[in-house]
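*Asks:* Please find one structure pasted underneath; my questions will follow.
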Amino acid sequence: MMGSQISITKFQLLMVLIQTQIGIGLLSLPNVVQESARGDGWISILFAGVVIQFLLIIYLKLLKKFPNDMLTDITKKLLGKHLGTIVNTTIYFYFIFTGSTLTILMIKILNEQLLPLTPGWVVSFLIIASCVYLTVSNLRVIARFFVLATFWILVLICITVLSIWLPKEIQFILPVGSAGGKNILLGSNNALLAMLGFEALLFLFPFVIGNTKGMLKTVSYANLFVTSFYTFITFLCLVTFSPEQLHQIREPVLFLFRGLTYRMVDRLDLIFLSIWIIPMTTSIIMYLFLASKCLAGKKKSYKNAVIINGIILFCLSFIPNTDKITDTLTQYVSFLSYTIVIFLPCLLLLLSRLVKKRRSGGFV
Amino acid sequence: MEEQLTQELQNNFRKILKYFSYTEDLATKEMIFDNKNCTILFLDSMVNKEQLQTFVIAPILEAETGEIDKVVEATEVQAVSSISEIGSKLMEGCCVILIEGREVAWTVSVAETTSRSIETPANERSIKSAHDGFVESIGTNLLLIRRRVKTPQLKVQSYTLGRQSNTKVNLVYLANLANSEMVEEIKRRVSSIDVDQLLSSGEIEEFIEDNPYSPFPQMLHTERPDRAVSYLTEGKVLLLVDGDPRVLIMPITFFAFYQASDDYNSRWMVGTFFRCIRFLSYIISICLPAIYIAIVSYHSEVLPIGILYSVRVSLENVPFHPFIEAFTMQIVLELLKEASIRLPTPIAQTIGIVGGVVIGTAVVEASFVSNTMVVIIGLTAISSFVAPVNEMGTSARLLGFPVMVAAAVLGFFGIAIVLMVIVMHLCKLETFGMPYFSPLAPLKEKDLKDTLIRMPAWKMVTRPSDSLPAYKKQQWRTRGWKKS
């Protein structure tokens, strides 16, 4: 009730994770995985889902040792104050960079598809202003909004089902596994980027009510949903478009809808994209939230941090969104993400075990 | 230091007269009682003369001696000694009996109660529900509520607000059900009000609401006792203001504005159907003109060629941007509504006809506005009046404007952003600590049974939890006969 500590339920956590993961990445996902994995792109995504599942288990093992701390507190506890601060700064930059990359990509796609003549800064200002408006409140309100936004994803799934009636060619994905293990792995690597967002768990864990039990189930459901949704869409694209077409189409998911025509509406892709603005924005909101939590820590300056980060995001969105720059940005983000999302939690888990052992050995 | 009565009658009388600024409707009646001079004071306009004669004057003349509170036959006889107390009693419609050599006076309640008879509220009509409505008298309104909930738990807390107006304000709630923390907060806010005059519940709403800058109404006004009581039994608090037939209900959720008493008296499928229609109306009244503007000015490729052709043909001779069209038409509609709403019916009808003909046909024939736009605006206007509570419909119309502007400037993207911000705002809103957009945000599956849909009455085992009632269960046996 009033004044009690801000907390969210497990159901809300599930929705928050789903909303953070699903975003702009989906639109180009089939194109990205197809680059290396060819017709076996859908296997790549399944595999990426399995990897994420393992990561989530590692996260939970780590977090259960510190049920009241966010990642930034854990690093300080395990690595000491100075090293911890350096690592936390890296984490902060990771969130800011991911957030701004998402913003830049979103502006780019909106400029290409919906508003070819509107200057990018107007779009980015509106997006970031609305993100800041929600993020300044608190996690509970964010979670409420994300739960509502998930209904939209259900609407989108319904629209997606319509595209089943497009002509399909199952030959495109046969024979299964023909791309070879290495290429499928490379495909997973690319898919992982589109599925980022599960690392929010590292910060949300202490806010969840009853976070001692049943967390694995919750996060697994989130992962299951995202992985199957992505696999489903990618599979649809892979059987609808030929490999040559897929190679040329940057956002195959939108083209999936462009083929549909009805008596009352045409160009479903525009409507799809307009609705998709919401899941895209929710990802940015979450990264803005994470960056601000990083910056503010447990102090009360959270609101100011949100506004500062909003301004930083806005400034970063002025980076011209040519293909070359966005590709470099994506590379940086992926490099950073491997450090923060995979390497750091594993290291922390190992350290926490060592510390525990040494303590029990030394003091008893 | 409060002025007290003295033993001298003339002195007391002068003091009271001074207290009332020598007003000329302060009447007196001189008599002899117990062989002493005795004066009865009353505000001529506030008392019922017949009662005064039969219950006060006649018994005193008859008895000639004894104790006043035994002699006088009225229900409420009270001894008071300070001038200000006497003053407030006089203003409530009591008469004051002063006796030579006594430092106390007796006040007897003989108030004139003129009140409108109980009628069907004009702005909340119903087909299948109770037809009584609140009136301007706070006593009658309390009676209407008490008659429906006959429980000792019904608690009335009264306040007198307004330095000049001294308006009676009553807070009504169920002591065993309403969330005590919330009730305390409401009491704190109400008792903090210090103004000269308080004339309507609208003012008090603005004084105590959480988010004055929100376009959404955060308290529900109603003139229907059945509606008020139905929220009372959900653990909400009612606020009655003397002189205002509208009762304030708080804290309220968004969805309460789309519930009507009739829903519960129709079959549940019918009720659910109407609920859905109303929510559709809300969405239409916010979005429809904006979507039209966005489509014709940015995304005409969304329409298949057949429809696009007919829309384009109607736009052919119109010299204005669709946004200007939509905006002026909305304004014209508001003008028509405002012009006809307070006029006597025959004139209002004339305005309706003139407006209808001018807007409907002449404007199109003069090709100021396209045919499609008239259809769109007509639909929007009708759907904004569907809301059972007028305020929400008006707020929907108002919100339609920013969405229209966004659509005219940024197309679909603008609509999506503005709608998203509106939903964010709804998620953020809290009234008296209770979430406004409950049960959608935060999502409470159990409470959904009485929002977008209306489940059968026997399914509503628990009451809505948005105002955190002390206990949830509200039904124990409904269709128990089936099991035996």
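Going from the start of the chain as shown, residues are counted 1 onward.
Cβ coordinates are placed from backbone N, Cα and C, and glycine is handled just like the others.
Keep in mind that this is a model prediction, so the values were computed, not measured.
Heads up, here are the entries from TrEMBL:
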type     : residues  : note
TRANSMEM : A:12-29   : transmembrane segment
TRANSMEM : A:41-62   : transmembrane segment
TRANSMEM : A:83-107  : transmembrane segment
TRANSMEM : A:119-136 : transmembrane segment
TRANSMEM : A:145-166 : transmembrane segment
TRANSMEM : A:191-209 : transmembrane segment
TRANSMEM : A:221-241 : transmembrane segment
TRANSMEM : A:270-290 : transmembrane segment
TRANSMEM : A:302-320 : transmembrane segment
TRANSMEM : A:332-351 : transmembrane segment
*Asks:* Look over the recorded stretches A:12-29, A:41-62, A:119-136, A:145-166, A:270-290 and say which has the most C-beta pairs under 8 A to the transmembrane segment (A:221-241).
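*Replies:* If we count Cβ pairs closer than 8 Å to the transmembrane segment (A:221-241), A:41-62 scores highest.
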*Asks:* Could you give the residue numbers and ranges of same-chain residues that sit at least 6 residues beyond the transmembrane segment (A:12-29) on either side and whose C-beta is under 8 angstroms from one of its C-beta atoms?
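*Replies:* Tertiary neighbours of the transmembrane segment (A:12-29) are 45, 102, 105-106, 109, 142-144, 146-147, 149-150, 153, 191, 193-198, 200-201, 204, 208, 218-219, 221-223, 225-226, 229-230, 233-234, 250-254, 276, 279-280, 282-284, 286-287.
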*Asks:* Quick test of the contact rule: Cβ under 8 Å, at least six residues beyond the ends. What residues does that give for the transmembrane segment (A:83-107)?
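*Replies:* For the transmembrane segment (A:83-107), the list is 23-24, 71-72, 75-77, 120, 123-124, 127-128, 196, 277, 280-281, 283-284, 287-288, 290-291, 294-295, 309, 312-313, 316-317, 319, 321, 326, 329-330, 332-333, 336-337, 339-340, 344.
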*Asks:* By a Cβ-Cβ criterion of under 8 Å, what residues six or more beyond either terminus of the transmembrane segment (A:302-320) are in contact with it?
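*Replies:* Long-range Cβ neighbours of the transmembrane segment (A:302-320): 96, 99-100, 103-104, 107, 120-121, 124-125, 128-129, 131-132, 135-136, 284, 288-289, 291-293, 295-296, 329.
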*Asks:* With a Cβ cut-off under 8 Å, give me the same-chain residues at least six positions beyond the ends of the transmembrane segment (A:191-209) that come close to it.
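*Replies:* Hits for the transmembrane segment (A:191-209): 6-10, 13, 16-17, 20-23, 25-26, 28-29, 32-33, 41, 44-45, 48-49, 51-52, 55-56, 59-60, 63, 67-72, 98, 139, 215, 219, 222-223, 226-227, 230, 283, 286, 290, 293-294, 330, 333-334, 337, 340-341, 345.
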*Asks:* What same-chain residues lie close to the transmembrane segment (A:145-166): Cβ under 8 Å, and 6 or more beyond its ends?
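*Replies:* That would be 11-12, 15-16, 18-19, 22, 134, 229, 232-233, 236, 240, 256-257, 259-260, 268, 271-272, 275-276, 278-279, 282, 285.
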*Asks:* Six or more residues beyond either end and a Cβ under 8 Å away: which residues meet both conditions relative to the transmembrane segment (A:41-62)?
*Replies:* 29-30, 33-34, 74, 173, 176-177, 184-188, 190-192, 195, 198-199, 201-202, 205, 215-216, 219-220, 223-224, 226-228, 230-231, 234-235, 238, 341-342, 345-346, 348-349, 352
